[in-house]
Amino acid sequence: MAPQTLLPVLVLCVLLLQAQGGYRDKKRMQKTQLSPEIKVCQQQPKLYLCKHLCESHRDCQANNICCSTYCGNVCMSIL
């Protein structure tokens with residue numbers, strides 16, 4: 001392939017990647033967005049809770065809810 005055609009092909013590839021949503025992984029972007037059922041926690045969690053992350057209320061034990069904090073989504077007691 002001639003050197004003059006390499007640059008247009010490269011530009012075309014970059015433009016196609018941007019049209020598809022860029023370089024970011026769509027699943028990673030979906031995880032960073034809050035689920036409609038997960039709300040911001042009312043209180044600051046204890047530091048040990050940051051080791052036990054959750055994705056939904058089903059991941060938590062009884063009398064606990066999954067809520068969003070500075071360290072991610074954690075299970076916190078509702079009592």
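Using N, Cα and C of the backbone, Cβ positions are placed for all residues, glycine too.
Between CYS54 and the candidates CYS50, CYS66, Swiss-Prot records the disulphide bond with CYS66. The cysteine that Swiss-Prot pairs with CYS71 in a disulfide, picked from CYS13, CYS41, CYS50, is CYS50. When other Cβ atoms within 10 Å of the Cβ of CYS75 (disulfide bond) are tallied across all protein chains shown, the result is 19. Within 10 Å of the Cα of CYS54 (disulfide bond), the following disulfide-bonded residues from the list CYS41, CYS60, CYS71, CYS75 place their own Cα: CYS60, CYS75. Within the set of disulfide-bonded residues CYS41, CYS50, CYS66, CYS67, CYS71, the entry lying nearest in space to CYS60 (disulfide bond) is CYS66 (CA atoms).
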